[in-house]
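Taken verbatim from Swiss-Prot:
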{"type": "TRANSMEM", "residues": "15-35", "note": "transmembrane segment"}
{"type": "TRANSMEM", "residues": "43-63", "note": "transmembrane segment"}
{"type": "TRANSMEM", "residues": "84-104", "note": "transmembrane segment"}
{"type": "TRANSMEM", "residues": "121-141", "note": "transmembrane segment"}
{"type": "TRANSMEM", "residues": "154-174", "note": "transmembrane segment"}
{"type": "TRANSMEM", "residues": "187-207", "note": "transmembrane segment"}
{"type": "TRANSMEM", "residues": "231-251", "note": "transmembrane segment"}
{"type": "TRANSMEM", "residues": "279-299", "note": "transmembrane segment"}
{"type": "TRANSMEM", "residues": "316-336", "note": "transmembrane segment"}
{"type": "TRANSMEM", "residues": "338-358", "note": "transmembrane segment"}
{"type": "TRANSMEM", "residues": "373-393", "note": "transmembrane segment"}
Amino acid sequence: MEQQKKTAGKKAGSWSLLMGAAFLMATSAIGPGFLTQTATFTNTLAASFGFVILISIILDIFAQTNVWRIIAVSGKRGQEIANMVLPGLGYFIAILVVLGGLAFNIGNIGGAGLGLQVLFGITPETGALISAVIAILIFVIKEAGKAMDRFTQIAGFVMIILTVYVAATTAPPVGQAVANTFVPEHISIFAIVTLVGGTVGGYITFAGGHRLLDAGIKGKESIPQVTKSSVVGILITSVMRIALFLAVLGVVSKGLHIDESNPAASVFKLAAGNVGYKIFGLIMWSAAITSVIGAAYTSVSFFKTFSPKIEKNSRGIIIGFIVVSTLAFVTIGQPAKILVLVGSLNGLILPIALGTLLVAAYKKNIVGDYKHPLWLTSTGALVVIVMAVMGIYTLCTQLPQLWS
């Protein structure tokens with residue numbers, strides 16, 4: 001009996017950690033950019049955006065399942081695996097991730113400030129400082145990992161419930177949305193790649209994988225749990241994406257005009273008046289603050305293994321990361337050109353990192369006697385090729401803007 005209780009307790013604890021990793025990944029993906037992109041694409045593609053969401057979900061699952069599985073089996077972080085495949089590559093990926101994480105965190109902290117401005121009428125800078133203090137407090141707590149898991153889960157549920165409520169008030173044409181999801185009137189490759197990059201690109205896909213390692217979940221025996229957790233992470237993101245898509249579609253189908261300078265806020269205001277606008281403020285703050293936490297945690301996890309000192313002081317470095325992003329936003333705002341450059345480079349992280357992990361999956365010195373399924377290798381390779389082509393294309397089109 002005592003043994004059964006212990007086993008049940010262990011299973012519950014393990015499931016809690018797996019859900020924590022899933023929510024950390026999902027809420028890292030659901031940031032200010034996620035809200036804006038979803039509203040903008042729905043406004044332009046209308047019901048056909050359902051097809052874009054469907055394809056991006058499939059590609060996201062292929063990418064994420066590969067990454068988390070190989071990290072768990074090897075028991076090593078992404079940068080360690082990359083260095084074993086090609087010495088020095090891990091450092092290169094780590095630099096890209098940290099630059100991306102820092103630049104996007106300036107945007108995330110700005111989004112959190114904007115959310116509090118909508119809710120309480122304070123300036124975005126004051127809102128950003130308050131949000132930074134809240135994010136820092138999570139890492140000051142002794143059980144920082146558990147606090148982070150719990151916070152991202154609560155924020156995730158709040159965002160989804162509020163967005164579903166607003167979607168219901170707009171009475172979207174669900175039948176039309178379902179029909180267009182499978183037989184679209186318009187297809188946008190750019191929208192698909194943008195969504196995949198925003199959901200599992202950059203540091204985001206490693207957020208949950210590295211969290212599981214920190215919690216001690218690794219080895220071949222953990223594969224079923226890790227796979228389940230990786231898919232749940234994508235599904236949480238997708239539920240939020242679909243709810244927001246339906247909310248925007250409901251507004252668009254009524255012929256109401258969405259303000260292109262702030263599409264997400266405009267949708268909530270048109271859907272539910274001033275109450276809707278306040279709901280947007282809370283969703284924006286939740287989306288931004290969880291992305292601040294996810295970006296800081298994951299970026300630092302990429303440098304942890306390079307030195308025992310970094311490993312020992314990782315919480316202090318995470319706090320420093322949040323402080324630097326906040327000071328950058330408060331003093332210089334969002335540096336547009338830097339964001340363009342880093343955003344372009346960010347598109348290359350997923351194909352480089354995933355490609356490296358797929359090579360690692362066949363190296364005995366990294367994964368032992370583990371056999372990586374062929375269907376995962378081939379689908380992962382497909383994502384690598386698609387995202388590499390689009391990543392290079394984006395880089396070539398965005399870089400000239402820096403000098404214009």
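Including glycine, each Cβ sits where the backbone N, Cα and C put it.
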Region pair the transmembrane segment (84-104) / the transmembrane segment (373-393), three or more CB pairs under 8 Å:
no
Hey, which bits of the same chain come close to the transmembrane segment (338-358), Cβ under 8 Å, at least six residues off its ends?
63, 66-67, 70-71, 78, 81-82, 85-86, 89, 93, 96-97, 99-100, 103-104, 106-107, 196-197, 200-203, 205-206, 372, 377, 380-381, 383-385, 387-388, 390-392, 394-395, 398-399, 401-402
Cβ pairs under 8 Å with the transmembrane segment (316-336): which stretch of 43-63, 121-141, 154-174, 187-207, 231-251 has the most?
121-141
If we skip the immediate neighbours and take only residues 6+ beyond the ends of the transmembrane segment (154-174), which ones have a Cβ under 8 Å from one of its Cβ atoms?
23, 26-27, 30, 47, 236, 239-240, 243-244, 246-247, 249-251, 253-254, 267-268, 271-272, 276, 279, 282-283, 286-287, 289-290
Between the transmembrane segment (15-35) and the transmembrane segment (231-251), do 3 or more CB pairs sit under 8 angstroms, pairs being 6 or more residues apart?
yes
Selection from 15-35, 121-141, 187-207, 279-299, the stretch that has most Cβ pairs under 8 A to the transmembrane segment (43-63):
187-207
Positions on the same chain near the transmembrane segment (187-207), where near means CB under 8 A and six or more residues out
21, 24-25, 28-29, 33-34, 37, 41, 44-45, 48-49, 51-53, 55-56, 59-60, 63-64, 67-68, 71, 77-78, 97, 100-101, 104, 234, 237, 241, 294-295, 297-299, 301-302, 346-347, 349-350, 353-354, 383, 386-387, 390-391, 394
Distant-in-sequence neighbours of the transmembrane segment (279-299), which means Cβ under 8 A and at least six residues beyond its ends
24-25, 27-32, 34-35, 97-98, 100-102, 104-105, 108-112, 114-119, 127, 131-132, 134-135, 138-139, 148, 151-152, 155-156, 158-159, 162-163, 165-166, 203-204, 206-207, 210-211, 264-265, 267-269, 272, 318, 321-322, 325
Long-range Cβ neighbours of the transmembrane segment (121-141) (under 8 Å; 6 or more residues past either end):
109-110, 112-115, 147-148, 151, 285, 288-289, 292-293, 296, 315, 318-319, 322-323, 325-326, 329-330
